[in-house]
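Features reported for this protein in TrEMBL:
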TRANSMEM  B:40-61  transmembrane segment
TRANSMEM  B:68-86  transmembrane segment
TRANSMEM  B:92-112  transmembrane segment
TRANSMEM  B:119-146  transmembrane segment
TRANSMEM  B:166-191  transmembrane segment
TRANSMEM  B:212-234  transmembrane segment
TRANSMEM  B:266-284  transmembrane segment
TRANSMEM  B:290-307  transmembrane segment
Amino acid sequence: MAQLPALVDGVERLTDMMQAPPDAFVQARGIGKRFGALTALRDVDIDIRAGEVLALLGDNGAGKTTFVKVLAGAHVPSDGTLRIGGDTVRFASPRDAADHGVATIYQELALSENLKVAENIFLGHELVRPVLGVPFLDRAAMRARVRVLLGELDAHIPDIEAPVGSLSGGQRQAVAIARALNLDARLIIMDEPTAALAVAETRKVLNLTRRLAESGRAVVIVSHNIADVFEVADRMIVFRRGRKIAERKRAETDPDEIVALITGAHPDARVADQP
Amino acid sequence: MNHALRRNLVPVMLCVLWVALLGTLAATHAWILSPRTLTSVLQFATILSLAAMGMGLVVIAGGAGIDLSVGGTISLSAVLGMMGLGAGLPGYWLPMVCLGCGVMLGLFNGLLVTRLGILPLIVTLGTFYLFSGLALALTGGGAIAGVPDWAVGWGRARWGALPMPFITVVLPAFVLLSGLMALTSWGRWIVAMGDNERAARLAGLPVDRVRLMLYALSGALAGLGGFISLAWLGSARPNIGVNVELEALTAVLLGGVAITGGRGGLVGVVSAALLVVMLRTALLQIGINTVWQTGAIGALLVVALLVNRFSNSRG
């Protein structure tokens, strides 16, 4: 009977393979999250593929941010399984998620304003030359790497020795993205990446987003801005009342349908409205 | 106000205060500015500088960090060190016992802050009373004599006008800690978590562990201060740490550390500690009542807080 666990494992793998195309980098199945009596997320199945931009849409409180936090390791799901790159994972912290190639760029841009550009990009992953176990910073190497990263993103930050507090919104976005690139992220989650940006800067960030996907990374963006989403996303998923109620390819839908799904006017949205 | 000036308001004020103090003394009491005063200032500044560096790092690391218990830790670790000798420990253990007691007391603060999530102000106010109360209770208020001769010899020795404890403990500690802050990942982590704790946690920094270590470090430096007080005075006095927390906090804020964390450095802190002691020594030598000295330090603390408030807005 020693083969039985291996057999069960094999069958599980087989059913997983049947459920999703083999190239889905992230496979979330039956994800649920409860906070006490409140159910924030219920039975969510989502595939995220490398090389595509997936947009998560929904009203405030619809569950998209909760789902993203599960992906990012900020919340531990109450139910369901999460497979990333073929491994079943259970993230206890953002650090766990980062170790599996998941990087999150938060709405309020989690950067330290008093630290320099390079110090922010490398925070927690500094390039060091340890002397007797003491991690001495290798600033020259970090500066060189920052120039490469920013060049790759075609981002212009005139003074990389400046504190991040003195940069514009788009420049900060570029620093946050460079940080994700440096961590060799394979899934990059962007929470409202264009929310606080001027028009020209929004353009740049959307271009950056496409560029990330074209380089073979999986990108998830959470946004309220339908126009931005239609410009950048390959696929869209709409959340309502903690459930995934719709999944559409960009070519097969239009902004009106998506808005109807978000607001609950669309017939498909009624599913979530039953108690 | 000019942006650069605004950001550097506190260092500028510190320089102005130094120039004003030295200028006033040179004009009115020039005899005070002697090598003997230098010796005495450094002697008194030794314990304060250690406490202020520990407090400074705790404050820079943010999370409403503050260590009001440093004075109590100094007194209690000095008392416990001498009681250790009384209980039969060999004399050369004295520095280690004081240091170890400091670390344990600091860890106690750090655990209460990081594990139980109690506000540092409340925790260290409580432990301030606890530690200084214990020091008084254990000694019955009296001093414990019998510090080994080698320790007293070192504590009172000088190299030129410079007191030995200052050269052999404060300077190395200052160089070491400044180096850690400026040249290592740890220094960046401390600034980052004080600046934006959420960002630091999201970046995966071990925020709670670093904070625990900093409270332990603050305790260790206070413990060293306790040993230096023994070596200098030749006995353990349960009240040796009185008011050190007030002066250390003044030095920290006057030295340009933002009370909200994330900004400031040890150069400012130590030079402000020296200023505080210089001011006190000058008042003493001019013959102004000691009651007014504490008042003057308090006034300086209020001024430092005000200037801190104005330079803090990121405009």
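Note that Cβ sites are derived from N, Cα and C of the backbone, with glycine treated the same way.
Whatever TrEMBL says is automated annotation, not expert-curated.
Beyond its flanks by at least six residues, the transmembrane segment (B:119-146) meets 58, 63-69, 71-73, 75-76, 78-80, 82-83, 85-86, 105, 108-109, 112-113, 234-239, 241-242, 245 of its own chain at Cβ-Cβ distances under 8 Å. Across the candidate stretches B:40-61, B:92-112, B:212-234, B:266-284, the maximum count of CB pairs under 8 A to the transmembrane segment (B:290-307) is reached by B:266-284.
Note on the transmembrane segment (B:266-284): residues 10-11, 14, 17-18, 21, 25, 29, 32, 37, 40-42, 44-45, 48-49, 52-53, 56-57, 170, 174, 177-178, 181, 247-248, 250-252, 254-257, 290, 292-293, 296-297, 300 of its chain, located 6 or more positions outside it, place their CB under 8 angstroms from a CB of the stretch. Beyond its flanks by at least six residues, the transmembrane segment (B:212-234) meets 43, 46-47, 50-51, 53-55, 57-58, 61, 65, 67, 69-71, 73-78, 81-82, 94-95, 98-111, 113-114, 145, 147, 151-152, 154-156, 165, 169, 173, 190, 240-241, 244 of its own chain at Cβ-Cβ distances under 8 Å. Residues of the same chain lying 6 or more positions beyond the ends of the transmembrane segment (B:166-191) and with a Cβ under 8 Å from any Cβ of it are 42-43, 45-46, 49-50, 53, 57, 60-61, 154, 159, 200, 205, 210, 214, 221, 224, 228, 262-263, 265-267, 270.
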